[in-house]
Structures are given as C-alpha cells and as structure tokens.
Amino acid sequence: MGASASVLTGSKLDAWEQIRLKPGSKKKYRLKHLVWASRELERFACNPELLETAEGNEKLLQQLEPALKTGSDSLQSLWNAIVVLWCVHNRYKIGDTQQAIQKLKEVMGSRKSADAAKEDTSARQAGQNYPIVSNAQGQMVHQAISPRTLNAWVKAVEEKAFNPEIIPMFMALSEGAISYDINTMLNAIGGHQGALQVLKEVINEEAVEWDRTHPPPVGPLPPGQIREPTGSDIAGTTSTQQEQIHWTTRPNQPIPVGDIYRKWIVLGLNKMVKMYSPVSILDIKQGPKEPFRDYVDRFYKTLRAEQATQEVKNWMTETLLVQNANPDCKQILKSLGPGATLEEMMVACQGVGGPTHKARVLAEAMATAQQDLKGGYTAVFMQRGQNPIRKGTIKCFNCGKEGHIARNCRAPRKKGCWKCGQEGHQMKDCRNGKQFFRQILASGGHEARQLCAETSTPISPTDGGGSEGTGESGTERGPERALSVCLPQIPLWDRPIVTARVGGHLCEVLLDTGADDTVLNNIQLEGKWKPKMIGGIGGFIKVKEYDNVTVEIEGREVQGTVLVGPTPVNIIGRNILTGLGCTLNFPISPIAPVPVKLKPGMDGPKVKQWPLSKEKIEALTAICQEMEQEGKISRIGPENPYNTPIFAIKKKDGTKWRKLVDFRELNKRTQEFWEVQLGIPHPGGLKQKQSVTVLDVGDAYFSCPLDPDFRKYTAFTIPSVNNETPGIRYQYNVLPQGWKGSPAIFQSSMTKILDPFRRDNPELEICQYMDDLYVGSDLPLTEHRKRIELLREHLYQWGFTTPDKKHQKEPPFLWMGYELHPDKWTVQSIQLPNKDVWTVNDIQKLIGKLNWASQIYQGIRVRELCKLIRGTKSLTEVVPLSREAELELEENRERLKQPVHGVYYQPDKDLWVNIQKQGGEQWTYQIYQEEHKNLKTGKYTRQKASHTNDIRQLAEVIQKVSQESIIIWGKLPKFKLPVTRETWETWWADYWQATWIPEWEFVSTPPLIKLWYRLESEPIMGAETYYVDGAANRETKLGKAGYVTEQGKQKIIKLDETTNQKAELMAILLALQDSKETVNIVTDSQYALGVISSQPTQSESPIVQQIIEELTKKEQVYLTWVPAHKGIGGNEKIDKLVSKDIRRVLFLEGIDQAQEDHEKYHSNWKALASEFGLPPVVAKEIIASCPKCHIKGEAIHGQVDCSPEVWQIDCTHMEGKIIIVAVHVASGFIEAEVIPAETGQETAYFLLKLAARWPVKVIHTDNGPNFTSTTMKAACWWANIQHEFGIPYNPQSQGVVEAMNKELKSIIQQVRDQAEHLRTAVQMAVFVHNFKRKGGIGGYTAGERIIDILASQIQTTELQKQILKXHKFRVYYRDSRDPIWKGPAQLLWKGEGAVVIQDKGDIKVVPRRKAKIIREYGKQMAGTDSMASGQTESE
C-alpha cells in the first residue's frame, strides 16, 4: 500500500481529499481510491507508477480513452479518478469530478488548436517550392524551379507510374507554382506520351470551359491595363511569366492562374490514375486476418484514384471504411460511434484478429491470472485427445513420432519427400502408392475433391478427377465408410459461419481453427459450471465453463467443453473441431480453367483409331496408366461419342516411347485463340545483370487444367491386339500437347501467376517464353538465389514444378537456343551437315539454321539456297546443288567456324545501325551501341516488288530494322547508310509514299549505291517522240505491239501468248531499241508508266530487265502518259493499229471488257459508251469507280477506296491554330474550318455538320485521340457512319487528305493578306479550291465533280433496278418475213422504240411494235396480239 500511497504527498494529498466524487455529493476522494486505481491499472497491464506525475497521467488517459465507449462502469470510474489526479498534479482548482473532466477538455482543446496553427504556419513557410518573391526594388519576380524538385518529380512518375500516390506528390511539389513551372514539370516526363495526351485533352476541355464562363470584355482595353487571362493563358501556352505573376499578385481581384492550372492537372491525373489503377473503391475489403492498418492504406490509396467530389469521398470514408472491414474490426468500429476519427479507429483496431495479438493477450492472461485458474487452463489444454469419438493416433510426417503433427514439430525440417525420404520431389509427387497427405481427410481416406459428387471445384492436374476410390482406403476404415461418403466442404473465400446445435440450442457459429476454446454468447446451458477468465478481443472476459456439452454440426455430434460469456462472435474452437474430424485441405493447382468452346455449328471430332502394332499398344498402355495415376487423364465410358487417333514414336535415345495425339481435326473445330506472346525475347534486348538464373517449368501444359466442359472432345482410344477386348477410352484433364489452345492458355495462365511475384520483386528482371524463364538481377549472388527459391516456391504453390536438372545456376546459360555469358551472348553451337544428296527437307532445315545464325554472324547469305526449293516440291525430292549454292554454303561454313558474340543492352546509350549491300540483292545490317560490339545482326533478301532498285530495297531494310528495334528495345536507332543524300532525295522526292521509314540522320558509309539512270521530268527538246501502245486478246492470247513517231516512222509486231501488260512493255522496248541516245516516249498505260518511272535496276520480268538494259545506254529519256481515246494524234493512230483484229466488243455483256479497257487507257465515258455500246450512266459509273481519274496527289503505287460516300478527315496546324479538313475522296471536294481544340467533342460536332450537308457513309481517319474518343464513336453510331482508321507506318492510307492539306495551306497563303482572321482565310481557300480551280477528267471543278458523282450514283441505282426488273420479263416476237410468233426470249434492255433480247444465245434488236413483253409466271401460252396476263408493258 505504501507504493500506491506515494502517488500524492503533502499539499497535493490535501487537495485530493477535498474533491467530491459527484457534484453536490458528501463523499470525497480518499487514499483508498488511489490504492484501488493502482490495482485496476495492473489488471489492464498498465504501469501504476505513471500515476505519480502529470505526464504519466496523460499517457494513461490516452491509453484508456478509446475503450471508454465499450468499457464497463469500473473502467469509467478508473478514468475519472485519473482525470482528477491529473488536475491535482497540475494544481488546477476543481471541486468535483465533473469540473475535472471539463478542465481536461479545455486544456486538450487549446493544445490541439495551437498545434494545428503551428503546423499550418510551418506548412506555409516550407511548402512552396517556387514562391513568387519580392526583389530589392519591390517588384514581384519568379523564383525558378530547382533541379532537385524536378528530379524528385521525374523519379516519382517513373517509380509510381501514375498510381494514386502521384497526385499528392504533384500537389506537394507544385505548391505555389505558376503555369510556367507546371509545364516544365510536364515536359520533364515527355516519355509518357500516352498519358500526356490524356492530360492534354483534359486541359483543352477545361480551357474551353474557362473561356465559356469568363468571356473577354467587349471593346478595347484602357491604357496600361493588362488583359484578363484566357484558358490558354492559364495553361501557359499564350502567356508569359510576367503576365502570370501579375495575374496572381495584383491587388484587385487576383486570379491564381497557377492554382487553377494545378486543379486542371489534378483532374487529368485523376483520369490517368483511373486508367492505370482500375480497382474500384467498392472492391477494397479487409481480409479475415489482415491488419486494420494495411486495410486502411489500401482503402485510401484507391480512394485517391476515385474521380468523385470531396463530399462523396467523405461519405465513402464514413460508410465504406466501416462497412468493408472484417467482422472483428467492424464490431469495434461500430461501437466507436459515427463520429470516430481515423486515429481512434486505428488505435481501437490495432492488432485485432492477428495471431500476434492473440498470443500476447494469452501470455498476459496466464501471467496475471490467479493461481487457482492455472489449473483451469491446463484442463482446457488437456482436453485434446480425450474425445471418445476420436480414433487412432496422430503421427508426425517430419520426425515420425506420435503425439503431434508436422506443423508443430520442433525437429529440423527434413529435406525431400516426407514419405520415401528421396530428394528431388515432395510428398505430394511421391509415386509409391499413396497420395499427398494434405488431400487425405481424417475421416475417410478419400481425396478432398472426391468427397461429394456435387462439388464444382476444378479438378487439379494431380487429381484423377474420377469417382473411383482405392480399395485400400475402403477396407481400412470399416464401418465408418458409410459416414464419410459425402462429407461437407466449407470454402474459405468468406467467413466459415455455420448453424450449430449446442446443448439443444440453435445458433450461428464461426469455425475458428486459430482458437483453442469454444466460446458462445447469450445461451443458457444446463448443468454445473465454474468461473473462468480468458483473453479475448479487447481484453479479458469472464466466462462460465460447462463440461460434456453436446455440439452438433452438419449432422455429426461431439461432446466437449463450452465456455459462455460476452464474446462478440460465437466461436467453435479446435477442441470441438478436432472431435468432429475437421481438417484444413489445400487443393493443388488452384488455376481456374479457361472456358473453351467449339466453333459455332460444329461438333467434336469423330475420327476412328487406326491399327497399331503390339509394342506400340503396350507402350501407350503403360504411358496412359502412369498419366491416369497422376490425374492428367481420366477413363471414360461409351457415352462419349468423340474420338481422336493416337500413335507412338520412339524418343531420340531409342529406348523409350512417346505418345502423340493427332489433334488436327479437333484443331479445325476449336475456336480461335489470340497468341498473347507474338514472338520470342531476344538476348540483345536484355540488360547486363550481375546474377542470372535460367529455369524450366516441368510438364508445363500438364500443370494447367482443361475446361471440364471441353474435356469430352479430347477423347482417345487405345485398341487391343486382334480386337480381343474393347479399347480403353480416356479423356484429358489438363492441356494436351498438340492442341491449338494449349500455348495461348498456358502463356496467359503463367503470366497471371508471375504478375504478383513481379510486383513484389521489382529488382528481378523475368523474361518468360512458354516454359523457359530467364531471371536476372543486380543483387548479390546469395540474395539472388534466395529470390529464385522464393520464385520456385511461388510456382510450386500453383502446381508448377521447376526440375533441378534444368535449373541452371552457373554460366554459360542455355536459353531459347542462345548461350548466355555474364557479359556476352551467342547462339548455341551450329553444325552444318555434310551430305552428298540433299532433299527439299534438308535444304529447308539448313536455311533455318543459317537464318538463326544470321542474328549474330555477319554476312550469312541464303539466296542461292532458297532458289533451289522454289515452286511446289515434295519434301523428299532430291535437289542438286548449283555451283552458286555450293559456293554460298562453303562461305557460310567458314563464317560459322569463328566464334562470334553479342553484348547486352545499355539503356543510357544510343542505338546505331550499319547497313551494307552484299551483292545479289542481299543486304546485311548490324545494330550496336559501341563499335565492334553488336547487339544483333541480320540480313534482308525479301523482294516485295517484281521490279525494284537499290534505293527502294534500302528503304525496306530501314523499315525492317526500325520495326525490330521498336519491338526489342522500344526505340528507333540512328542509321549509317551506303547512299549519299543527293541520290536518296532524288528518288525519295517522288516516292515518299512507297513505304514507311522513320526519322533518321544521314551518315553515308561506303561502298555507296546509286541510281544507274534517271528519267527526265520535262520533254527533251529536239528529240524524236515515240507513241507506243500494245493490245492483247484475253481468249486467244494473241497481241500486237508497236509505235509511231511524229516523223511518220512506225513499227508493228505480232505477239503470241501475251497479255495487255506485256504488250505495253514490249512497245516501250521497241521504242528504246529503235531510238537514238535521247528520246521522248508517250504511253497510255498506267501500268507501264508505274513500272518504269520507279527506276528499277533489277526485275524478275525478262521484258523489264531488257528495258532496264536499254535505259542505261541512253543519255536522256522522257516518259509520259496520256489518256487513251482523247483524240491525241499519235496515240489514237497507234491505238487503231495495234487494236485491229485483236479486240472484240459485246453490248452489255462487255462491261467487264470495258472496265479492263478503262484500267488500261483511262478513256472518258463517251469513249466507253461508243466503243462498247454501253448506256451513258453505266459508262459514267465505270469512270466514277476509277481512283486514278479523280484523285490528284495520290501515291504512284497503291490506290485508296474511292466510293462516292467515302470521306477522309484529318487535323492540320497553321499559325498555332487547328484546322480540321474533310475530303470527298472521289471528287476532291473539301470541307474545312478552324476548331478551338483538337478534342473528341469538337471533331464529332464537325462530323455531324458534314453529315447534315453531304451523304457520308464511311470516314477514314488516323488514330489520333480525338478520332478514337467515345464522343466520336457516339456520333458515328447516331449518324450510321462506318469509321475506318489508317494503317500504322503507312501514310498512303491517309494520302488523299494529306495531299489536300498541303494544297489548302498553299491557297491559304495566297489569300491570307485579304483576311484578318485565319478562320476567314480558311473558308476563302475552301471556296477557291471547290469552285475556282478546274482540272481532272472533263475539266470539272471539285464542286461540279461531287454533284456529278452523286447524280450519276442515283441514276445508276435506278438503272440497275430497271435492269433487274427487266430480267423478270420474257418477250415473244416475230420477224418481218415470218408471221409466226417466236419465243419466249430473255429481255435485256427496253428502249423507246426497240428492245434488246437474247434468244438461244443470239442477241437481237426487235422493234417495240413486233414484240410482246410478259412477266414469267411459269408456263404460259402466247396468243396473237394478246398478252397471256393482264400485265402491261409499262409494268
């Protein structure tokens, strides 16, 4: 008592005894109250010595205050006494307990206000990274952003990757910044172009909204007054630093442009965070054993990513935080009341539910409880094993001793299998007759997934999946077999709460394997009880202990000890669960099967099994029995009608057999899959790492379950010799080898499994391709290998094993056909075979090896070898090696003798590419960062066009290398090319649309390539002009080619087995052969012009090769094109000469010939109508469908869709403004206007205006964010417009609108001085282009052309309706000399005075007065001058 009484002495003790317990009460505090308080504090595990000082009292009050709302009256009295004692220590004059409590609230409130004010002041002083400061002259100047702040921002973006943390990080770093500083921060993260584009859209939309709500004042500004900021001024694009400072700091109505801009950025960041972190706040729930602190961290991290107002976020915090907590924490949080702060919640829920908290409370209870209760605890613990129902003994799988299980074993963990003792596998994989012990239930010996036939749990690869049990387990249990046929399974996805009957009372209980005792609340049990105190959630509780209480759960009864007391949750502990025979089961391979279906309308394969030899049958039987034991396949009965044939081949060693299944028929019928990994990783793209490990996943496919509904389609049959017994039928439970879906499903499953490990171990670089894993890191070797073991354990938990024999720890590492060393890599050793006789299959394998070696060995060539196997040949056909192929093969052998190595990628250095031409149209290239240290090499021999030249092939090589670089390293290299800038630009000026190439700088490296001849761009003065032409008959293959000159010279030759194209080229060859050193050649063939004008230097066509040889002999050649049938003298003359006796024309039946003729000559509609006897509207439609007769500026090679209702739309920029341009592809008609922002809303509004003026069915745009926005999709859906996008790397797909952009800008520059605003100049330029500039076929303007095209389309549509209608009629007619009616004939055309009919293959023209037209209603009789039906001709 002396220690307790020493809390107060002297005057303080006198003051203590003067304070009343309650206002107006006669009772006062005495010394005994201090003694009582000291003992109570010991009960709550608090130090009584803290009562001696005011600071100690404050600590006690802070510790006890959270429990007041749920505490007992005794706790409230203790807290009141400590409050009074605190006032006495501080010498506050109080009269009773109520005044003491009031005094405490006042003091604590004033402290909080002072602390908050202090924090606010310090935050204002230290929070602004870029304050606007006043200089010595009193002017407000800007303090520039510091590199340290900028570096912190860049590092945050790279590490957080737009997670919710990036928003408070941005707000902290940009505190006090103006728009200029914020734009500097955004420019520093320019590598994230996709995210910045989203941010740009938000800024544009907010700027437009600002301009709408803050219109500029009308009229000029007063002198000396600075304008009000617009939306673009706030964004910093059209304002200066001084203006931003003035708007922020001006005394009258300041506008904090920096803060406004920060709000816009935060809106954009919220949008990006939502994209990068798509988890909803509703999905954040606390796990059963998750600490409350971790749950709160996840909750607020996701809350920051929610795009909601602050009021909504406050509501989420008040409701969802409590609602989604686990039941243990939720019970405590609800007891705190609705006004609890986050601090109070975290203090109250600290350690709740975790095993650490329970262990600490239990230890304190055992240390402080009275001695007579210790026996009670001992009795509780000794209750295990005393249950009369429990049979058998517990045996440890680790040490082999009885009395405990392996989890509680104190002996060292035994390596290897717990059953047979061998290393290399675990007990679950042991094949010595028993299954994994975790899958055996204590009460029946059945596997966990075989307990109940109604379970829907997916079958693991190690489970047989059938319903047959082993005979061993059946005989071992005896009578209990009937009780365990179908035991209940309780999953742990949610809290395991069941209904139990305890002492005859029904109640909801929680099955808690972490609790020793069974504790219930609000239940009256019969019999004697004894008092007991146990440690629980929130402290100690007093309970009543009943013995031998009957507990019934799921139909099974057990008697045991039950405690009754004020527990928040009814708990069934291990003392009852053990008696019930309840066990925890861990299923292997929890991978969810991927749903798979057959193609619509198809059924499974039903292919008969072909005969097999006896040794193959025996081998397949043994293999399938082993697979069945491992659960990979299951036996099936005759109810499955499907079958796939199987066979067996010997492995490479020649001793073991391998089972193969012919899944070709099933693959045809299975749905299509998307390959989630389109290529293999390349070692040149790996970064050099200090530690490297290579792993291989064993039985990769057989570790992934197959969709249970699809398994029946994988059925196969093992036949018997001489059909002695029915065949044994099986189906697959796992992914089969050879099935088309196995690679995609395995890759997808493997990626999902590795994702959490990648997130938890960012230091590791994991490259995954199928079952091969490369793991590299810069960690020390010991730490790296620890991480590897964690990875192997992680994979093992999901059912994937990593065999030790394929676990490579030391270099060199064999991976994906490569050999990896610490500082270099190469391909694995390649041996080229020496053969006297080569087959097609041998050549194919040889070319594959050489192509594989070419990625690191320079100069590998295979062109001559590829020539050997051209055409359709059998794989076993013998191929003699040509002299060139033998020489090429020997050169490759010599190159492969010298070892060559590549190096690893260094991100901080630039990529360079060297390209060389090897001769024979073969190219090689090397990609490197340092000279003579190649990352990758390669070759190029493919020829996309039949006629090409070195410049065009070089462009194709650049394109190939660029795409490889983007795939492997994610960026473009710099090129060193064997060409001069002048040679390149000479060809590229006209052929810029032939292919895509990236931006690159010219570094010419010898030997240089060049153009061997050049076509002149203007006619050659004084040179003779040759008009050339050719014609061929498609049926007879006969043709003519020739030329005429303006001097009267002409030459015509006859051709056999030719085509129109060959005849046209032969005519040009004749002109070149017969002309002098300089010549002008005129052709009407677009095909011939396209071939020759691309200046090829080699060609697969013999005629083109001869033309190239003739061109190299000439000094100057001018080649041009004119349209056919335009009355051009020389062209018309040669056309008649070569067409004589060649062409044949039929009316209407000759539409195909007319289209072919137009593709060749591009004649106008009048010429087509005259030559082929077509109606004008039909001839005009042929013209309208030809892109070359309407489009100006299109690429020389390639065409675009020129249907009458197709438009191309694009955005271009001029004078800092955005111009949106729409071009009618078929006519070149333009619609354009200036838009305020390049957003989806503005683009969609422009599209709707366009659709309101013209018929628009299809639009073609690029992949810009404004065109791919949801607003644009909605506009296209509403207007029923099909939206097509451009092809990446192919600007020709947007060639029409790109050319029109250039022309429109040219016209704008011509009329710009006539307009004050750009938008006015744009409309003036559109008017000039559409109605003041003529050109093209017929000399139309674009406006006239679009009207003519649309009118012709309407006429053609009506004409087609008439033609289809006319085909429904039959005609009876008579000749002038024969009065007998003939027919019926088919009606082809009905004119004003005559009809065209077809009778028995002959086409005739009959006057209307001698023809009777009737509808075909079946067999009808025709009378003289009368119709067989009442239908008139007008119908």
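The backbone N, Cα and C atoms fix where each Cβ goes, and this holds for glycine too.
The following features are taken from Swiss-Prot:
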type: BINDING; residues: D696, D771, D772; note: Mg(2+) 1 binding site
type: BINDING; residues: D1029, E1064, D1084, D1135; note: Mg(2+) 2 binding site
type: BINDING; residues: H1158, H1162, C1186, C1189; note: Zn(2+) binding site
type: BINDING; residues: D1210, D1262, E1298; note: Mg(2+) 3 binding site
type: DOMAIN; residues: 507-576; note: domain 'Peptidase A2'
type: REGION; residues: 73-77; note: region 'Interaction with membrane phosphatidylinositol 4,5-bisphosphate'
type: REGION; residues: 187-225; note: region 'Interaction with human PPIA/CYPA and NUP153'
type: REGION; residues: 276-362; note: region 'Dimerization/Multimerization of capsid protein p24'
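For D1084 (Mg(2+) 2 binding site), the spatially nearest entry among the binding-site residues D696, D771, D1210, D1262, E1298 is E1298, judged by CA separation. For the binding-site residues shown (E1064, D1210), fewest C-beta neighbours within 10 angstroms: D1210.
Using a 10 Å Cα-Cα cut-off around E1064 (Mg(2+) 2 binding site), the binding-site residues D696, D771, D772, D1210, D1262, E1298 reduce to an empty set. According to DSSP, D696 (Mg(2+) 1 binding site) is assigned to a strand segment. Checked against E1298 (Mg(2+) 3 binding site), the binding-site residues D696, D771, D772, D1029, D1135 differ in C-alpha distance, with D1029 being the nearest. Nearest neighbour of D1135 (Mg(2+) 2 binding site) by Cα distance, taken over the binding-site residues D771, D772, D1262: D1262. Under a cutoff of 8 A between CB atoms, and with a sequence separation of 6+ in the same chain, the neighbours of D696 (Mg(2+) 1 binding site) are D771, D772, L773, T802, P803, K806, H807. For the pair D1262 (Mg(2+) 3 binding site) and D1029 (Mg(2+) 2 binding site), the C-alpha distance works out to 40 angstrom.
Across the structure, D1210 (Mg(2+) 3 binding site) and D1029 (Mg(2+) 2 binding site) place their CA atoms 40 angstrom apart. For the domain 'Peptidase A2' (507-576), the mean pLDDT of the prediction comes to 85. Within the group of binding-site residues (D771, D1084, D1135, D1262, E1298), the Cβ with the highest number of other Cβ atoms inside 10 Å belongs to D1084.
Mapped onto DSSP classes, the region 'Interaction with membrane phosphatidylinositol 4,5-bisphosphate' (73-77) shows 5 helix, 0 strand, 0 coil. Here the binding-site residues are D772, D1029, and the one whose Cβ sees the fewest other Cβ atoms within 10 Å is D772.
Secondary structure counts, DSSP: the region 'Interaction with human PPIA/CYPA and NUP153' (187-225) has 22 helix, 0 strand, 17 coil. D1135 (Mg(2+) 2 binding site) falls within a helix when secondary structure is assigned with DSSP. In the three-state DSSP scheme, D1262 (Mg(2+) 3 binding site) is classed as coil. For the domain 'Peptidase A2' (507-576), the DSSP counts in helix, strand and coil order read 3 helix, 41 strand, 26 coil.
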